[in-house]
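Participant: Copied straight from TrEMBL:
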- 227-250: transmembrane segment (TRANSMEM)
- 262-281: transmembrane segment (TRANSMEM)
- 314-334: transmembrane segment (TRANSMEM)
- 346-362: transmembrane segment (TRANSMEM)
- 368-384: transmembrane segment (TRANSMEM)
């Protein structure tokens, strides 16, 4: 509460400084402006060169906001990054860091999506650039390879938080912006995701930046060119990023008087440049022309083949997904939908539209609807602002109810895959390491990071699970065959002692079933790493590390 009051003073000071330095410019009137200049300030821009009034000059401001607000947000997200020590989904590593490691250091493993041209190199290229700089500086140590990308992602998320505040300040006022900003920082799911190297995280960051430039009624920072460019970048990184923006872009087009100019000078140039750049990047790294966005949409949306990763009932987002990611914000969101001005109802339309579209797909995940969470925070902020009584109690409730899931999911739940990689790292840097060291991860495929969290050419293997795209109903991948009878699979696979890996890593649920194999081949347990309090199916509460005794 003290922090919120302080942010309010920062915002007021920033606004006062703006008015003092540029009298009349912030409101689009005053003796210093001619009538034609006044019209330019008040109108919505169609291109980057006509994007509303200038932001305040440098001084006590940073990226257009009070420097203390910006530094506080960055510090909080860095702290956020340090307190997220768990894994979420395999894509966090396998579609970003593992690809970047392979691009720079020329070894590692690329998943089947990269063989089929379903993923683009534009997003991994960001992390590959960081890895290349570390390599040139001879600082490519494994801990830096792990933490530098996450810290950069935390910085981008912090800047997005500030832009969300700025968006609400320029659309409404500093008071409303303060409450939206407060709700954004309180969100447990944002805390859980915003520092992870997920395409969904970057998609959300770009969505907020695009929102800042969206030509909404009364928003003087609107710029068609800028917001469309950011939306196009999000589409390149993850093609489904366009889903929340479909109603927003159509609304913009409908409201725009010069529709021909909007299409000719914004839609077409932005689309051609961004898609062209993406094609060139993928041409360089694939070695051939690949239209990954089309392949991605065809696989996940048109053919709906994402069901190979699991399916859920159509109502899952409404009954579980959306309520879970909103958490304690849900009642405030509902109340805010009734309180927000009509011009912001388009964000409610975008939210409902996104949830409906994703509901038509069989495979569903919490992270898929993460990009609409900032829209929801707008309504939550309005709810808090409109409260006349119980405001302090509501603030305390939001902080405390989000703190527990944020800390539990960030520090405890599913931390095993990262902790076990510390044991694997020691095989690279241990002075007694032998050239024949090898590791076999007998877990559901992609359960752990790989070479991006080891950074040495250690011989490693895991159970493969590429889908069958030929339509065979009885197809079983390597992981399915293994789990159907683990003991038999191990005996058939390692029929010769020379084929046995030196280290085995697997979930605790498998230990009893393969105990005879472990004893026969003289494996001994060297570590038991906690993973989760809620084991299920192939996932155990702990991850065990076994080492083979060498004669």
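Including glycine, each Cβ sits where the backbone N, Cα and C put it.
Curation does not apply to TrEMBL; its annotations are automatic.
Tell me what's around each of these sites.
Facilitator: Outside the transmembrane segment (227-250) by six or more residues, the chain places 120, 122-123, 199-200, 202-203, 206-207, 209-215, 266-267, 270-271, 274-275, 277-278, 293, 296-297, 300-301, 346, 349-351, 353-354, 357-358, 368, 371-372, 375 with a CB less than 8 A from a CB of the stretch.
Non-local neighbours of the transmembrane segment (346-362) in the same chain are 216, 243-248, 251, 300-301, 304, 306-307, 311-312, 314-318, 321-322, 337, 340, 368-369, 371-372, 375-376, 378-379; each lies 6+ residues outside the stretch with a CB under 8 Å from one of its CB atoms.
For the transmembrane segment (368-384), the list of distant contacts is 160, 164, 168, 176-184, 187, 189-190, 193, 200-201, 203-204, 207-208, 211, 240-241, 244, 317, 321-322, 325-326, 329, 332-333, 335-337, 339-340, 344, 347-348, 350-351, 354-355, 358, 391, 394-395: same-chain residues at least six beyond its ends, Cβ to Cβ under 8 Å.
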Participant: Cβ under 8 Å, sequence separation of at least 6 from the ends of the transmembrane segment (262-281): give me the contacting residues as numbers and ranges.
Facilitator: 46-47, 120-122, 125, 224-225, 228-229, 232-233, 235-236, 252-253, 256, 289-293
